[in-house]
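Before any comments, here is the structure.
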Amino acid sequence: MGKGVTLPKWLVIAACIIFVGGMVAVGLCVYYLAPPPPGSEVTTDTTSTVTETTTQTDMTTTTLRPPGDINYRLPRHFSPILYTVRLLPIIEEGNFTIFGDVTIDMVCNENTNHIVLHINDMDVHQETIKVSGEGLEGMMVHHTSFDQITQFFTIHLSGELKAGMQLSLSMSYLAKLNDILGGFYRSSYFDVNGNRRYIATTQFQPTDARRAFPCFDEPNFKARFAITLGRKKDMTSISNMPINRTVPHENMPDYEWDIYEESVPMSTYLVAFVISDFVKNPAPNAGETEVAVWSRPGAEEQTRYATNITSTVLEYFEEFFQIPYPLPKQDMIAIPDFGAGAMENWGLITYRETAVLYQPGVSSAQNKQRVAVVIAHELAHQWFGNLVTTDWWDLLWLNEGFATYLEFKGVDRVEPEMKMEQQYLNDAIHYVMQLDGLNSSHPMIMPANNPDEINELFDPIAYEKSGSVLRMMEDFLGLEVLKEGLTNYLNNRTYDTATADVLWEFLGDTATKYSVDLNGLTVKDILDTWSLQKNFPVVKVERNPENYTEITVSQKRFISAQFEGAEEYYWHVPLTFIQDFSNNSSLKRRWLSNSSEPAVYTDIIDEPNSWIICNHKVFGYYRVDYDEINWDLIQVQLQTNHTKIDVMNRAQIVDDALNLASADYLNQTYKRAMDLTSYLKNEFDWLPWETADNNFDRLRNLLSGTEAGALLNVCLLKI
Ligand SMILES: *[C@@H]1O[C@H](CO)[C@@H](O)[C@H](O)[C@H]1NC(C)=O
Ligand SMILES: *[C@@H]1O[C@H](CO)[C@@H](O)[C@H](O)[C@H]1NC(C)=O
Ligand SMILES: *[C@@H]1O[C@H](CO)[C@@H](O)[C@H](O)[C@H]1NC(C)=O
Ligand SMILES: *[C@@H]1O[C@H](CO)[C@@H](O)[C@H](O)[C@H]1NC(C)=O
Ligand SMILES: *[C@@H]1O[C@H](CO)[C@@H](O)[C@H](O)[C@H]1NC(C)=O
Ligand SMILES: *[C@@H]1O[C@H](CO)[C@@H](O)[C@H](O)[C@H]1NC(C)=O
Ligand SMILES: *[C@@H]1O[C@H](CO)[C@@H](O)[C@H](O)[C@H]1NC(C)=O
Ligand SMILES: *[C@@H]1O[C@H](CO)[C@@H](O)[C@H](O)[C@H]1NC(C)=O
Ligand SMILES: *[C@@H]1O[C@H](CO)[C@@H](O)[C@H](O)[C@H]1NC(C)=O
Ligand SMILES: *[C@@H]1O[C@H](CO)[C@@H](O)[C@H](O)[C@H]1NC(C)=O
Ligand SMILES: *[C@@H]1O[C@H](CO)[C@@H](O)[C@H](O)[C@H]1NC(C)=O
Ligand SMILES: [Zn+2]
């Protein structure tokens, strides 16, 4: 999913500080534009209600289960192969009934006399449930039961299914086009005459495919999907695949069936369909893949930017991954009511309008950048997430981290003047460090079982922190090694799922092939210290006052509000040092091991009387503090000729100094930070100013109305 950021970040951050009073709330404000996950009222119950329906008598019995460890994972008795789904929604005010039929072709893996799958908010017609297949003549449905907590629908059979059997399970049901922005839902807009027009659309990630059709609704039950959609003749439908043919409805003269091509194997959460009266805007110069952006009538012009850039970004990722986009087309659609920023459904990406529509002369430059970023994010998912999917939601960070990391590369291809690599620093790294510097942060990998826990995972740790850690990996592996390892991984796991450990293996093999220095560790050893632990380190670089060529480097957990007895964490830190940004070969790399033990280096410094800067272009996900001597040298350089220091490292110095001061790591606290940042009066680059602006805003909010606040304003006006 794409994130839902629409407000300027400083505003969101300021608003959260003022009105909510906690930095954790930033994540919630930004990501939870979506409604509370459906069904949340059910899970506050401590007992589970199981409703049993016996087909013959229609008698319903309700049994109570004691609270305790509830297993939300489906049994693995079956593997679905093909879903044939036929849906006809009535899209009329007052009647949003969905008529549904599903047939699931599947293989039985273990002998069993019942079938368990997911449903939510639907009425299955008991008498239509059928199990068929070779040797299954006479197999009857004995009764069914439904557990509201786990959303398990269990079909108890009159006999046993045997491992290895192929069977088809089919049923008909009624559901409703809901208004909760999840499952198969309705959205509306006002046409030029002021009339309200409804459309029917979907949002399944993470656990809402089960609201549209009965299914094995977990990412590692991949199957093919053959979708058929019923619609009124004056509307159109789109889905993941192209339409194969359209036929009249048997007994509803105003309706037709659109029968779609069978999809590639994919997870249920990636299925999508939309029925609307929208306009199709084809991309002008699409390549192999047909690209179009759909919008409500009247917004056609605003799709131009998206249609302009999509094919180029798509081709960029084909080249990046060395794997062609596997579907014949890529539709994108601007949905008037949408919970997240966008959703990467394979071949049919859905967007909230502000994340894809752009009107030249009206929309801001920031709007344009957001459109480019969200498009690149969703297109990256077509490989990383769709082609190869993480095995379970606890690895969401890998999926979202890669899409976030690749966003700026995709945009860079079409909009180099946006300088996305530089912007990544404030938009992702510095932004998430504000949250991840809190003791209440959490590791990238998080256990999640029920839908509420899964929905909670879509936060800045999963997006921006993971993306930043992956960008750090690019730097210590090398971009070409990373790409080759990724390609091998994707080719190996195509149309399947994988875990992070599988990816680390492939990257490790490639690193070995090219003799990359990993300090004798595996990629997993290194990445585990970043993904399994919350927070990040502050690296302290100290020059020996007796001998400036010698440096001592150590690490400490960074916490923005330090407290007695805080647990220490240690990371495998890839260090980079530079003394001359105009000379690439003066860049030096070292590994700092995961302990409190400092490392002493005598072979890093070439120029004893010149500054040294650690964390070249902020590839590393950590802050850096120096001793007084080196801070002084940096300060003098900034004052005399700041352009000798790379613009990303200037922004790094601003952010690190102000945050180390605020968290009380910096020896001279705010004096040092204000002395360092006073160089900004000479700064003409956007990036360090944006960094400073974000930080000074926080400071001004803290000091607002105080004497110190007034002095701060004087100081800021001066620079
Ligand atoms: C909705 O429309 C369908 C098809 O016309 C009809 O069968 C059904 O009874 C209607 N439901 C309601 C609640 O009006
Ligand atoms: C539609 O499906 C049929 C049967 O699978 C196939 O033979 C035919 O080529 C398809 N038509 C189109 C237009 O894709
Ligand atoms: C789309 O591309 C065309 C041709 O390159 C260009 O003239 C036009 O300004 C672009 N439109 C937008 C909205 O970027
Ligand atoms: C810090 O977080 C840990 C959990 O990781 C918790 O046990 C501890 O109480 C927290 N300390 C403070 C001071 O918030
Ligand atoms: C994937 O990689 C594993 C381990 O390297 C190998 O055993 C397996 O055959 C590969 N599978 C495919 C489909 O390439
Ligand atoms: C350091 O990393 C190694 C290898 O990853 C691990 O075995 C060890 O437990 C770690 N030590 C600490 C103090 O975290
Ligand atoms: C340093 O390396 C970068 C990336 O490889 C390259 O773009 C740049 O031109 C090099 N700079 C110098 C001064 O060699
Ligand atoms: C670049 O740095 C390398 C390594 O520090 C050094 O040997 C070389 O003399 C430097 N080149 C220039 C032109 O300063
Ligand atoms: C400083 O340290 C370096 C490296 O250890 C050494 O070669 C040099 O002699 C030392 N200089 C002084 C003045 O001690
Ligand atoms: C400042 O440094 C830049 C980059 O090294 C250099 O091009 C410029 O000439 C320097 N300016 C002055 C006034 O020394
Ligand atoms: C802190 O800064 C003061 C003032 O420059 C200096 O005297 C002192 O040695 C510094 N302390 C440390 C631990 O660097
Ligand atoms: Zn995403």
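Backbone N, Cα and C atoms are what each Cβ position is placed from, and that goes for glycine too.
Note that this is a predicted model, so its numbers are computed, not measured.
Residues or ranges marked as active site, proton acceptor by TrEMBL: E378. Among the features that TrEMBL reports, Zn(2+) binding site is placed at H377, H381, E400. As annotated by TrEMBL, compositional bias 'Low complexity' applies to 40-63. Taken from TrEMBL, the feature domain 'Aminopeptidase N-like N-terminal' covers 80-270. According to TrEMBL, the domain 'Peptidase M1 membrane alanine aminopeptidase' annotation covers 305-530. Annotated domain 'ERAP1-like C-terminal' per TrEMBL: 611-707, in sequence order. Look at TrEMBL and you will find Y463 tagged as site 'Transition state stabilizer'. TrEMBL lists 12-34 with the feature transmembrane segment.
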Y463 (site 'Transition state stabilizer') sits from H377 (Zn(2+) binding site) (Cα to Cα, rounded, in Å) at a distance of 11
Report the residues of the chain - excluding H377, H381, E400 - with C-beta within 8 Å of the mean position of the site's C-beta atoms, for the recorded Zn(2+) site, in sequence order.
M1, G2, E344, E378, A380, F384, G385, N399, F402, A403, T404, L406, E407, Y463
Under 8 Å Cβ-Cβ from the residue listed as 'active site, proton acceptor', six or more apart in the same chain: what's there?
G2, M332, A342, M343, E344, I349, Y351, A403
Between H381 (Zn(2+) binding site) and Y463 (site 'Transition state stabilizer'), the C-alpha gap once rounded to whole angstrom
13
Measure from the Cβ of H381 (Zn(2+) binding site) and count the other Cβ atoms within 10 Å, all protein chains considered.
27
List those of the recorded positions E378, E400, Y463 whose Cβ lies under 6 Å from any atom of ligand 12, in sequence order, or write none if there are none.
E400
Which residue counts does DSSP yield for the domain 'ERAP1-like C-terminal' (611-707) in the helix, strand and coil classes, in that order?
69 helix, 6 strand, 22 coil
Sorry to bug you, but what's the C-alpha spacing from E400 (Zn(2+) binding site) to Y463 (site 'Transition state stabilizer'), rounded to the closest Å?
5
Residues near E400 (Zn(2+) binding site) by Cβ (under 8 Å) yet at least 6 apart in sequence within the same chain, in sequence order, are M1, F458, A462, Y463, S466, G467
For the domain 'ERAP1-like C-terminal' (611-707), mean pLDDT (0 to 100):
96
